[in-house]
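**Student:** Quick one: the structure is below, questions incoming.
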Amino acid sequence: MAQAPAFDPAHPWGGDTSNGDVDVNAQYAGLEYHYTYLVFCGFIVWLIIPGIGLMYGGLARRKSSLSLLFQSLLVASVTTFQWMFWGYSLAYSRTANAFIGDLANFGMMKVQAAPSPGSAVIPEIVFCLYQMLFCACTVQIVIGGSFERGRIVPSLVFGFFWATIVYCPIACWTWNSNGWLYNLPSLDFAGGGPVHIASGWAALAYAFVLGKRKHKGEKSHGKPHNTTLVFLGTILIWFGWFGFNGGSALNASVRAMYAAFNTNTAASTGVLGWVMVDYIRSRGRFSVVGACEGAIAGLVGITPAAGYVSCWPAALIGFLTAVVCASLQDLNEWLGIDEGLYVFKLHGIGGMIGSFLTGIFADQAISALDGSTLAPGGWNGNGAQVGRQFAEIGAISAYSFVVSCILLLILKYIPGMHLRVDEEAEMMGLDLDQFFDEQIGEADWEMFTQSSRVTYGMPTHARDGDGVISSEGSSSVEREAVQPERKEVWKSCTGGR
């Protein structure tokens, strides 16, 4: 068996290739399958980014759906720059202290072919890419807190600085070998704390600072406009999570395969748990959106535990997380905060449940499947591990919520950084307010609907030259004038019939 290379401080780049006489690949001879596997996991983790955008877009009303799709790409782009600029260094530099890294890897300096801080069998550039995608997914989850009322540019500025002063320090605590939670140790296989607990509390802070959405009794308020988008987004997220959890072993060991198996198990039992609650609550009826939320809850719950627990506890973790989250249907009313995408319920509470249950069910026989890690939990008689998990939950929750609130309040009072759109734009929809030529939905059918209202003397909802919505009745002259247009629209909507 090939021996893993060791990091050489004298050659932090992994070797000097400027003269072409050093082959940096030679140190990984016989170990290539490890980083090939991890880079593939990174590629499928990327699918979570559009998956979240599609899911959020489907859960929103149609008039604000496009902004959420757009933000999925923008957040990934901004986070990529942040990670290359200083994010990676703040989270994973080898000379970090217990709370945050330094700028030893500022601007991707010395990030190339040397064995990575996370695993000696993974080149650092592959490790950096993989962890960057975790950060991008986390920031995108957080942006869900601005649902249907947050301006796009301030949200991107917030995302950049949130990744810098919230995500990177928490990632350092949890996964950097110098981090205080790493050395406690708390058990977090793939991001129950840095990804889910942190993003859930941050999204709650975002919704809290923005205030409640304004509405005037619209039937569409609080209802998803496109269940198909929600379903498609969930499928991409579920598939991407195989890489999210399966790659977090940072090698291609049996432990990584077991984590992937546990991922599917927990997502499946999460669906069953949420559907069961819906079935009982609605007296025998189902919800596609509920099934999708159950899958997400199961995936969130198993994230910290995937490489620590055996398959039946994984099934229980997914089921219990989904049942608890589904039972908190009125959480927003209890808190008095309008967090419309339920990011806090699914990711914040789901992540806390998963972290707690990891402490109970962690089994060192499972962690040892990678050939080196021993991580006993309550399952092995190490009850103190549950207390360590509570330390992780409490520290990350408090830090993320408080710092997120402070950051948002600072941005709120910076000229030009108004976090929220005005009331008129909110009622009209973010898509028409923030974009100049695009809108989700069947534009032709909408035109047909409007012309039909004019034809039959019903109130119309039309925008004047300033984009202001007006409602008025239609005279016989107006009905007569619209007939040719109506016929053309009808043809385009019905294929000429």
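Counting starts with 1 at the first residue shown.
Glycine is no exception: its Cβ is also placed from the backbone N, Cα and C atoms.
Feature list, courtesy of TrEMBL:
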| type | residues | note |
| --- | --- | --- |
| TRANSMEM | 35-56 | transmembrane segment |
| DOMAIN | 38-435 | domain 'Ammonium transporter AmtB-like' |
| TRANSMEM | 68-86 | transmembrane segment |
| TRANSMEM | 120-143 | transmembrane segment |
| TRANSMEM | 155-177 | transmembrane segment |
| TRANSMEM | 189-209 | transmembrane segment |
| TRANSMEM | 229-250 | transmembrane segment |
| TRANSMEM | 256-277 | transmembrane segment |
| TRANSMEM | 286-306 | transmembrane segment |
| TRANSMEM | 312-329 | transmembrane segment |
| TRANSMEM | 341-362 | transmembrane segment |
| TRANSMEM | 390-411 | transmembrane segment |
| REGION | 462-497 | region 'Disordered' |
| COMPBIAS | 467-476 | compositional bias 'Low complexity' |
| COMPBIAS | 477-490 | compositional bias 'Basic and acidic residues' |
**Student:** Taking every residue in the domain 'Ammonium transporter AmtB-like' (38-435), what is their average pLDDT?
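**Tutor:** 94, rounded to a whole number.
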**Student:** Taking contact to mean 3 or more CB pairs closer than 8 A (sequence separation of 6 or more), are the transmembrane segment (390-411) and the transmembrane segment (68-86) in contact?
**Tutor:** no
**Student:** Taking 3+ C-beta pairs under 8 angstroms (sequence gap of 6 or more) as contact, is the transmembrane segment (35-56) in contact with the transmembrane segment (155-177)?
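**Tutor:** Contact between the transmembrane segment (35-56) and the transmembrane segment (155-177): absent.
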**Student:** Between 120-143, 155-177, 189-209, 229-250, who has the most Cβ pairs under 8 Å to the transmembrane segment (341-362)?
**Tutor:** 189-209
**Student:** Please figure out which one of 120-143, 229-250, 286-306 racks up the most CB pairs under 8 Å against the transmembrane segment (189-209).
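**Tutor:** Per the Cβ under 8 Å count, 120-143.
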